[in-house]
Amino acid sequence: MKACHIKPARLARQYTDKEEVVLWMNTVGPYHNRQETYKYFSLPFCAGSKKTISHYHETLGEALQGVELEFSGLDIRFKDEVMQTTYCEIDLDKAKRDAFVYAIKNHYWYQMYIDDLPIWGIVGEADENGEDHYLWTYKKLEIGFNGNRIVDVNLTSEGKVRLVPNTRISMSYSVKWKKSDVKFEDRFDKYLDPSFFQHRIHWFSIFNSFMMVIFLVGLVSMILMRTLRKDYARYSKEEEMDDMDRDLGDEYGWKQVHGDVFRPSSHPLIFSSLIGSGCQIFSVSLIVIIVAMVEDLYTERGSMLSTAIFVYAATSPVNGYFGGSLYAKQGGRRWIKQMFIGAFMIPAMVCGTAFFINFIAIYYHASRAIPFGTMVAVCCICFFVILPLNLVGTILGRNLSGQPNFPCRVNAVPRPIPEKKWFMEPAVIVCLGGILPFGSIFIEMYFIFTSFWAYKIYYVYGFMMLVLVILCIVTVCVTIVCTYFLLNAEDYRWQWTSFLSAASTAVYVYMYSFYYYFFKTKMYGLFQTSFYFGYMAVFSTALGIMCGAVGYMGTSAFVRKIYTNVKID
């Protein structure tokens with residue numbers, strides 16, 4: 001067969017009458033394991049007789065997501081109807097029959113594309129006893145058009161044929177064209193599920209989280225205002241203080257640690273790298289959600305992942321700026337090492353996980369196995385885009401805001417930390433700190449998980465933006481309250497405590513992912529299980545680093561505020 005290369009239809013494609021319309025076969029795999037996909041022709045299907053067309057991976061996201069478009073060989077032309085026509089025959093020997101039986105037992109289904117519109121079909125089905133297995137042999141395509149554009153595609157599988165060894169099975173197709181009133185811009189609306197994503201529980205969870213925000217902001221405002229008012233009252237020699245103010249008074253001793261509260265954190269190199277990475281992840285999340293709200297990224301294969309990679313690389317100066325300036329403020333000398341760790345912390349975690357899962361994907365011959373060229377491209381982005389931009393950010397951060405301009409002088413000798421009640425220990429505060437932030441997002445986690453691990457297209461990015469804002473406010477409020485009580489117990493180790501108490505949200509998210517796996521999905525097998533828990537670990541860690549950075553930045557502003565407004569004897 002003669003081979004030629006063309007690019008598959010992009011979204012703006014307009015057709016003339018009888019122009020060729022390409023039916024791409026993408027992948028096939030078990031229904032319950034969404035990420036376990038294989039090339040369509042890894043099953044012994046046959047292709048049509050039309051000349052072969054090979055597909056370029058147009059985007060990095062497409063290659064990373066295991067898109068494997070192969071030409072079906074079917075002759076389809078715009079507005080040209082095709083009656084039921086046999087396009088090829090399968091000589092069913094025992095090996096081929098066993099392959100189809102295995103696929104049917106595991107509920108395999110396949111995905112195809114016409115003009116970037118996805119179509120799904122099931123390979124076959126078994127009878128009630130599970131003894132006989134049947135293959136669907138007739139693809140009945142109904143294509144809707146509006147003007148000179150394709151706006152709708154439907155597939156009906158017919159022609160149920162029993163799988164018997166050493167027989168010949170004919171594969172056939174037909175094409176029917178119909179006028180449609182669907183606008184080209186709205187052609188993906190049929191794939192969305194408003195009844196699922198805009199369910200009243202979704203609205204209720206947002207309202208519930210919003211009420212939590214009001215409560216926490218009120219609590220923090222009360223602490224801040226009472227604390228500052230108490231200090232002003234004391235230094236103005238005002239004796240009229242109510243009981244509540246007296247309870248929050250000197251005996252709690254947060255002013256006693258003014259000489260140690262701005263002492264550099266332990267392991268400042270790792271700490272500043274985590275803060276820088278967290279600020280970058282927050283920037284990426286914010287920008288990608290805004291882009292997704294403006295542009296319908298779900299309409300193009302791999303576009304969300306491509307956008308996230310591009311935005312992550314472009315926001316590298318944010319990482320360098322915040323990480324580098326914090327490291328300089330804490331008196332760090334090895335700033336180049338800090339820059340390298342900050343730049344490669346997240347990429348190394350993601351690539352390390354992907355590399356491990358890639359071995360399993362190669363063993364399974366899955367389409368998710370990342371091509372070597374794509375790996376090289378990702379490494380080039382890390383070394384030639386992320387690292388230089390991180391260097392620029394680090395230099396700017398060190399020079400513009402790297403001076404340790406603390407409101408209180410740091411004592412030469414660290415103050416001994418007095419004994420305190422068990423619930424005031426940093427370890428306890430860290431464990432409890434993530435509960436409320438997780439409570440504000442766990443309903444949204446269900447919708448996000450379902451869209452990624454099941455067959456829903458997530459499109460309600462307005463909800464996601466609201467949840468991100470709520471998560472940040474709740475995280476900052478919780479860490480401020482935790483830090484306030486820690487300082488009242490005359491424990492000045494607030495930097496790591498504020499970061500980890502916010503980051504512990506990730507532990508609860510990962511624990512929830514176990515619940516989701518066992519009770520909400522029917523996944524099975526080594527590949528899908530390792531894929532699920534591997535990437536859930538990456539997601540949870542990234543979320544934890546982001547929450548930790550947000551919590552630390554908010555708490556840092558709070559600590560500076562209260563120690564700036566108090567006179568030190």
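A Cβ is built for glycine as well, from the same backbone N, Cα and C atoms used for every other residue.
Database features, via TrEMBL:
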- 201-224: transmembrane segment (TRANSMEM)
- 269-293: transmembrane segment (TRANSMEM)
- 305-328: transmembrane segment (TRANSMEM)
- 340-364: transmembrane segment (TRANSMEM)
- 370-392: transmembrane segment (TRANSMEM)
- 427-449: transmembrane segment (TRANSMEM)
- 461-487: transmembrane segment (TRANSMEM)
- 499-519: transmembrane segment (TRANSMEM)
- 531-553: transmembrane segment (TRANSMEM)
I need to check the long-range neighbours of the transmembrane segment (269-293): which residues 6 or more away from its ends have a CB within less than 8 Å of a CB in the stretch?
304, 307-308, 311-312, 315-316, 318-324, 326-327, 330, 332, 334, 337-338, 341-342, 345-346, 461-462, 464-465, 468, 472, 495-496, 499, 542, 545-550, 552-553
With the transmembrane segment (370-392) as the reference, which stretch in 305-328, 427-449, 499-519 has the largest tally of C-beta pairs below 8 Å?
305-328
Proximity verdict for the transmembrane segment (461-487) and the transmembrane segment (305-328), three or more C-beta pairs under 8 Å:
no
Report, as numbers and ranges, which residues of the same chain sit near the transmembrane segment (427-449): CB under 8 Å and 6 or more residues beyond its ends.
196-197, 201-202, 205, 209, 212-213, 216, 458, 460, 463-464, 467, 470-471, 474-475, 478-479, 482, 485-486, 497, 500-509, 512-513, 516, 520, 547, 551
Tell me if the transmembrane segment (305-328) touches the transmembrane segment (499-519). I count contact as 3 or more CB pairs below 8 A, with pairs 6 or more residues apart.
no
Give residue numbers and ranges for long-range contacts of the transmembrane segment (531-553): same chain, 6 or more residues beyond its ends, CB-CB under 8 A.
35-36, 274-279, 281-282, 285, 322, 346, 349-350, 353, 356-357, 360, 368, 433-434, 437, 453, 471-472, 475-476, 478-479, 495, 498-507, 509-510, 513, 517, 523
